[in-house]
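Peer 1: Pulled these from TrEMBL:
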- 103-396: domain 'Sugar phosphate transporter' (DOMAIN)
- 133-153: transmembrane segment (TRANSMEM)
- 165-188: transmembrane segment (TRANSMEM)
- 219-237: transmembrane segment (TRANSMEM)
- 244-263: transmembrane segment (TRANSMEM)
- 279-298: transmembrane segment (TRANSMEM)
- 319-338: transmembrane segment (TRANSMEM)
Amino acid sequence: MLTLNSAITYSKPHQKLSLFSNRNDLILKTHFTKTSFNKPFSQISETLTLKSQIPPNPSFGLFPLKPKSHILKASASSDVPAEEPNLERETELIPEKKPLNLKLPLIFGLWYFQNIVFNIYNKKCLNLFPYPWLLASFQLFVGSIWMVVLWSLKLQPKPKISKPFLIALLGPALFHTIGHISACVSFSKVAVSFTHVIKSSEPVFSVIFASFLGDKYPLAVWLSILPIVFGCSLAAVTEVSFNLGGLSSALISNVGFVLRNIYSKRSLDSFKEVNGLNLYGWITIISFIYLFPAAIFVEGSQWVGGYHRAIAAMQASGGSPLNLYFWVIMSGVFYHLYNQSSYQALDEISPLTFSVGNTMKRVVVIVSTVIVFRNPVQPLNALGSAIAVFGTFLYSQATSKKAKKIEGEKKN
């Protein structure tokens, strides 16, 4: 009988196998220890099997995208003594350090900065040239040109356009036009800070209109809109620059944007292949087609006289007419940029985080415009503004819980 008197040694003490998972960036390192076999060949009937729980991987064919800790075991036949040498495997899961992602803070920073710049230059233009219909049309025109340039230079993937898609856009674009022009009219009549306080009541209209259309909201959502209503009311009655036209225009703007959001979900649900930025680009183009003819009808006869008065006022204050042109262009560019950044932020984060970020954006804009334009703010006015903004935060929290509950029910 052939025996092994010295040793048959399976010795690869430093052999390592490293696999990189593309899902969770884990490094699986296996180390084989030294094992000796000193038994006759006739007695060696051990069959080494891998009792692994690892299913086939569509990416690698060996390991899953999310590897778990597994132990390699040996099962011997009944005639092999228990003290037979074992093949041991040590498995370590070592998480790889992920690089710091600065993209999201950059997008949020740009979103806030661009919104502040837009509100400042927009208000400067309206103080000197109080014709919001023309200014709002120009801002949509700049956004339309911007998107055409991005598509032409292939900096943004051009969406495939079909007749059903354009028809589905008509409703959302109409409500977007109403929301935009109403906000611009409000900016021309009252302080920017007051308009933004009133626009923070948008969740109130969202809940009311959605309820009429059949949506149901928990009690927490209804309770969250109470401080919004109270805060906006307190801010309105104590506002130094209060104007009924400015108040009503801000409220109409809320209605327009809420209906745009509701209508978009219903009419554009079958066009999910179009990303948010391209969707906003086409809404901007159609909105300009809607608004400019209406602007000519509403205030077109006043533009020439208003332009000459604006130039005269600029020169009287020691400024150049170029300053007015610069303000107008900047308002158009930054109007589109801040909306573009908001869509990019929404692609990167959850709707709840976006809502909280949008609430904080209003706070930053309100404070910034108060400082720049030195608007007088009474204590009760500041208190009402703070309550209204805090109410929008509570609304974001309440609606996020409702969304998570609906998502859980769908999964079950």
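Yeah, the Cβs are placed from backbone N, Cα and C, and that goes for glycine too.
Automatic, uncurated: that is what TrEMBL annotation is.
Can you tell me where each of these features sits in this structure?
Peer 2: Distant neighbours of the transmembrane segment (133-153): 122, 125-126, 177, 180-181, 184-185, 278, 281-282, 284-285, 287-288, 291-292, 294-295, 298-300, 303, 328-329, 331-333, 335-336, 339; these residues of the same chain sit at least 6 beyond its ends, with a Cβ under 8 Å from one of its Cβ atoms.
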Peer 1: Counting CB pairs under 8 Å, which listed stretch among 165-188, 244-263, 319-338 touches the transmembrane segment (279-298) the most?
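Peer 2: Per the Cβ count, the answer is 165-188.
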Peer 1: Could you give the residue numbers and ranges of same-chain residues that sit at least 6 residues beyond the transmembrane segment (244-263) on either side and whose C-beta is under 8 angstroms from one of its C-beta atoms?
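Peer 2: Cβ under 8 Å, 6 or more out: 171-172, 175-180, 182-183, 185-186, 188-190, 194-195, 198-199, 201-202, 204-206, 209-210, 213, 236.
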